[in-house]
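Since the structure comes first, as structure tokens, the remarks are kept for the end.
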Ligand SMILES: CCCCCCCC/C=C\CCCCCCCC(=O)N[C@@H](CO)[C@H](O)/C=C/CCCCCCCCCCCCC
Ligand SMILES: [Ca+2]
Ligand SMILES: [Zn+2]
């Protein structure tokens, strides 16, 4: 019986052929583009600096994003059962951390009276989901992807209340990247025979880059809404570095000076 750490002991094997470019790395392009995912995920916490400047710390969110990137690379390198679980559980816990810290109070269920209570609710749900993850890891990835639909719904609710064109533009970019990402993920899962027939089984590696792009737009947006709710004396502003008109840009959120209270 193979060890849970051994190569190819995972329940899932992505469309890309194994060990075609290296004897150590099972899925070469998925791992390499996992590195891109990792690098882009490293860029997202730069947005948190503005909040740290305003006296809040987000070490947990940054750490969990970092771990998600590292475990994704380990999973594709080994295709081991442990790699698969680490990959999925790190995403689950990143989502749990993000929900605990960033979920706007106005959307709390009625029975939840404070962020501390919501924190406990997220914690208990995540621990139960973690235990259930061991039952059928291949199914977990579908459940994790469904959480994006809830994020889409929340974005929609927020956009209805917001007239700032920059916010609508950033949300549109986030959704476009996500649609491209999820299409790549699904097509790798469901149409692998077709991609192998045309010798192009690389859609999962595209997913890595595309979902990271979506998160790059998602982070400033989440912080924008959070500042509006939690720090009403500050005015958040969305922008693009180095400039709006460049073809390749890094989205960011900035805080304008607090309004003077007289
Ligand atoms: C201000 C901070 C807010 C941050 C909120 C964002 C929360 C980010 C949560 C998770 C990070 C995801 C990192 C992606 C790692 C992908 C690794 C991977 O590819 N794993 C696959 C196997 O290699 C696995 O099959 C994938 C499973 C599904 C992952 C689903 C992730 C959902 C992330 C939701 C992103 C929302 C983007 C906006 C949607 C409108
Ligand atoms: Ca494979
Ligand atoms: Zn992957």
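Backbone N, Cα and C atoms are what each Cβ position is placed from, and that goes for glycine too.
Source: prediction; values computed, not measured.
Look at residue 16 (Ca(2+) binding site): DSSP puts it in coil. Other Cβ atoms within 10 Å of the Cβ of residue 16 (Ca(2+) binding site) number 25 in total over all chains. Marked as Ca(2+) binding site by TrEMBL: 13, 14, 16, 18, 27.
What TrEMBL records for 28-51 (among others) is transmembrane segment.
Per TrEMBL, the feature transmembrane segment maps to 63-83 (among others). Sequence-distant contacts of the transmembrane segment (63-83), counting only residues of its own chain at least 6 positions beyond either end whose CB sits under 8 Å from a CB of the stretch, comprise 4-14, 18, 24-27, 30-31, 34-35, 37-39, 41-42, 44-45, 90-91, 93-94, 97-98, 137, 208.
For 76, 204, 208, the entry in TrEMBL reads Zn(2+) binding site. Around the Cβ of residue 208 (Zn(2+) binding site), the same chain contributes 30, 33, 34, 36, 37, 72, each under 8 angstroms and 6 or more positions distant in sequence.
Here TrEMBL flags 89-106 (among others) as transmembrane segment.
Sequence annotations record features per position, and here TrEMBL assigns transmembrane segment to 118-135 (among others).
Summarising the annotation, TrEMBL assigns transmembrane segment to 141-157 (among others).
Marked as transmembrane segment by TrEMBL: 169-186 (among others). Remote same-chain partners of the transmembrane segment (169-186), defined as residues 6 or more beyond its termini with a Cβ less than 8 Å from a stretch Cβ, comprise 145, 148, 152, 155, 159, 203-204, 206-207, 210-211, 213-214, 216-218, 220-221, 224, 238, 251.
Residues or ranges marked as transmembrane segment by TrEMBL: 206-227 (among others).
Secondary structure at residue 27 (Ca(2+) binding site), as computed by DSSP, is coil. Here the C-alpha separation of residue 76 (Zn(2+) binding site) and residue 27 (Ca(2+) binding site) works out to 5 Å. Spacing of residue 18 (Ca(2+) binding site) relative to residue 204 (Zn(2+) binding site) is 13 Å (Cα to Cα, whole number).
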